[in-house]
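As annotated by TrEMBL, substrate binding site applies to L17, E22. Among the features that TrEMBL reports, ATP binding site is placed at R107, L108, G109, R110, G111, K112, G113, Y114, Y115.
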Amino acid sequence: VIAHPKYQESKRIAIFLSMPDEVQTEEIIKDIFKQGKECFIPRYKPQSNHMDMLKLSSAEDISSLALTSWNILQPGDDDTAREEALAGGGLDLIFMPGLGFDRKGNRLGRGKGYYDTYLERCMKHPCGKPYTIALAFREQICESVPVTEDDVPIDEILYEDC
């Protein structure tokens, strides 16, 4: 990931805080700050498909985040001081989680459409849609995954030995 050309050229990067069954992102987050890039993480709104990408000030900033009922760390609703990526300069790159992926760029998420809805919002931003990379395990690569017209294909899937 760290050697990837799109990562190297990106300045504003959104990345998920990994759950135990996902590719672990902690070292990538540390590198984002080490390289002097800006790091944004998701804040999901329950009972909706709305998600914002909020800026982290440091890798250590993660320890100040609240744990949601989904066991995900994210800024609280009362945390209004953080920059939302689309309120500023947009994003260059989004690292995305998922449950399954196919080689056509289709992604099976957890069913709420958070990332698809966010990418639709990105397309309306003056900076446009960021490059999207899914972080996956080889076992998550499928022949095909079901999609709807609302699903936004991802640009690239990274997995071990790909």
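Glycine residues also receive a Cβ, built from the backbone N, Cα and C atoms like all the rest.
Curation plays no part in TrEMBL annotations; they are all automatic predictions.
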If you measure between the CA atoms of G113 (ATP binding site) and E22 (substrate binding site) and round to the nearest Å, you get 18
R107 (ATP binding site), Cβ-centred 10 Å count of other Cβ atoms over all protein chains shown, is 24
For Y115 (ATP binding site), the nonlocal same-chain Cβ neighbours (under 8 Å, six or more residues apart) come out as M51, I94, M96, R107, G109, V152
Near ATP: residues not in R107, L108, G109, R110, G111, K112, G113, Y114, Y115 with Cβ within 8 Å of the site Cβ centroid are G98, D116
Note: among binding-site residues G109, G111, G113, least Cβ-dense neighbourhood at 10 Å is G111
Rounded Cα distance in angstrom between E22 (substrate binding site) and G111 (ATP binding site) is 16
Within 10 A of the CB of E22 (substrate binding site), the number of other CB atoms across every chain shown is 16
Whole-number Å distance separating the Cα atoms of G111 (ATP binding site) and L17 (substrate binding site) is 18
Row L17 (substrate binding site), column other C-beta within 10 angstroms, all chains, value 18
